[in-house]
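These come from TrEMBL:
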TRANSMEM  C:32-54  transmembrane segment
TRANSMEM  C:61-84  transmembrane segment
TRANSMEM  C:90-107  transmembrane segment
TRANSMEM  C:128-144  transmembrane segment
TRANSMEM  C:175-198  transmembrane segment
TRANSMEM  C:210-233  transmembrane segment
TRANSMEM  C:245-269  transmembrane segment
């Protein structure tokens, strides 16, 4: 009989070993599938994991990892704080969309004004939009006890429809030949979020993601609120006795994660995406939940997990391009990677012991 | 440089004097990015058929690759760059939403030629291409006008954009021409592909007494519903031959092969130039699939005559006198719509009572 | 303008069936305390497996049975992750959706471009599976509220520690609930491929699984509520399309937002009633979304 015993304290070796084991297991099973489908398994694995970093076109794909990972890391950093406190914001996708819309709205309203303060104002508006969208589930939980998981998820659907409405209606580009979608902010200098240093991929969203990792790490390890959050997550009742106001914590966590998701949306719409369309939400908000868990809700872990997922996206495209691997096969491979990472995570939290039963 | 290579170069140089050409020892690399999966049975499937036609036509003188299911926006820009970096000299981007990414990437790769489907922005190395689907709509509109017994034909639109509005107007004009009592009911699905919703849209039309359904969405769901209700419809994008002979009585096929072959040939000859191609029935880009025996012979003959008249350029589907829905004159007697008029079409013609959603 | 309510209703019955099945399955899983966001992945799996079986055998009903098995099978991946490996349910569910969509697309290649056999119409010319969905509503209500196993399942979902202390097998109960949810989602997905479109195409469920999740919340975790929710969500779409077909201009995006806003209002009202009246039960299951690990 096999028994799981929770580990006491951290298990640093397992913390590092489990993700490595999970990736290896994915390579093994994935390679098997690729082989069965008639593709060279070694080449496929190399294309996905190695080529984006060190392959022939890695000069381009390496910076692109940052572009792809930045929104995931930015959103996941905020989510993880709430998750640690047992506050489940799963509506970051909606907060991302609303942040993109409110941020872009500022630029579209002021077009074609050029001013240095426009972009900072857009960032503020994006964060405010995401924050406000996140505060809805917070307040509904605090006032009426409504589950923030479900309210925040429902608000994703609402946000998606708001985006469609904006793209077809109020925000439609008047010079867009009747096509849906707003003006392209990349072509509006004061509102654009371009590459800061050519060839690095780094736009303001990448800078913000790095900052978010650092700030959330400081918050969780050095600040009294970080202590409250951890306390609320592990021992809610004790935390209440210690003077932690649960309502404040709910508002703080949902507001913060909403604001960060909103910022991610704004950086994306002003930069890589360029315009508000009905498909502005491409799932970063949901993928970030996976990133938060793969990163064990720890800022450094989230950084690595975000980069790993970005790697599989870009490597997956390369595999399509160079080997003709179908997109669906790449998606299956990614799904497997997530399963293995989530499953193997058990080893960091529990010890497996064999128990002899009579 | 070995002797053989030298000879080849010399030969190439000789041809280059007549028409500049690529050395033939390296295949021409042609890349595609698709917005959907190649198995969508509609839009992307037809573009991929065009890619396969290139391979068929040119054999080992070309090498094609594709990336499927690329979301519009930031990911498209990366996929295009990856294709350019992988050495593709000619890249086809097959969705309207790839427009700004194509322009951006083309600026960075001045030596790579880009072809963007359905857009309106060109550059030195960016050409656009589209098909005159409204020509095909005129033909099936004629069939629809004859075939309806309830004098109500239905139209499932995807999005209210010029291309779709052209199709609605064209089919209505020609249905009315053969049947003055016909009226048209229009439903917008707000999706290019959503089988469940398309089925519901078809049912809504059928319940309104419609007995002929035209669709500008890509799934076969409307045909399945039409069959169950004893109504008829038409294949869209692909032939949808599995619904022959009824409910699918004819089809409009997007046939990209002639254009793709022409452009690849131009690359091989070194005669590629930017431009905007908008070809129709005459160039074989819009094909009317087999008109089945469910259509009376004289109707079939009339439809085929119209098809040939359009194909030969003898007749233009938008020829005056035509009024707009609000009663104002659009085209005077004998006047023919210009391409500019069509490309920004945002009104229904007289006789259609529905409003275009804003 | 006249719109015949009966004809709208008949269309609605079919349109609501996929989301009804998926939502009923998710209802049972959530009542057992499991939040499975992988509904879309299970539906598309069922859509493919069901279509493939119906096509190969020529028997649509065999297709639905296969879809149920396939949906349950893929849900076991989620069950293994959350019940054995104790992974977070939200993350695991999202991973299941991603995996299911990819797997179905990968395995579905040979079935592109062929047609499913036509289903024989059921009583009153309404599809048999539509009837089955309608029968499942009272059946699940009966199971949850009038049977001992249903009571255990609800106890597990309400408070897994207490249920465990009473000697009930939390893990096995949840495993069964997840598998049932998978089977139902599979049937729902197969309804789209076998009965609505009669064809297999990648991504054909087009977000129906996500709507099912909303319906469960709207239902306030009751089977009759799920039926009402499926009719509301399906009804809004059917009605707006119907109004369009009748030539009425409708603000489509704003209208399609309405059921989600209604869901939030219902959730808030039920939560508030529970909070302020101290009435037991009524809103979300107490242990929804949390994992259970017994120390002994």
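Even glycines carry a Cβ here, placed using N, Cα and C.
Automatic prediction, not curation, is the source of TrEMBL annotations.
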Count the CB pairs under 8 A between the transmembrane segment (C:128-144) and each of C:32-54, C:61-84, C:175-198, then give me the winner. C:175-198
Okay, the transmembrane segment (C:32-54) and the transmembrane segment (C:90-107): do they have at least three CB pairs under 8 Å, pairs separated by 6 or more? yes
Count the CB pairs under 8 A between the transmembrane segment (C:175-198) and each of C:32-54, C:61-84, C:210-233, then give me the winner. C:61-84
Criterion met for the transmembrane segment (C:61-84) and the transmembrane segment (C:32-54) (at least three Cβ pairs under 8 Å): yes
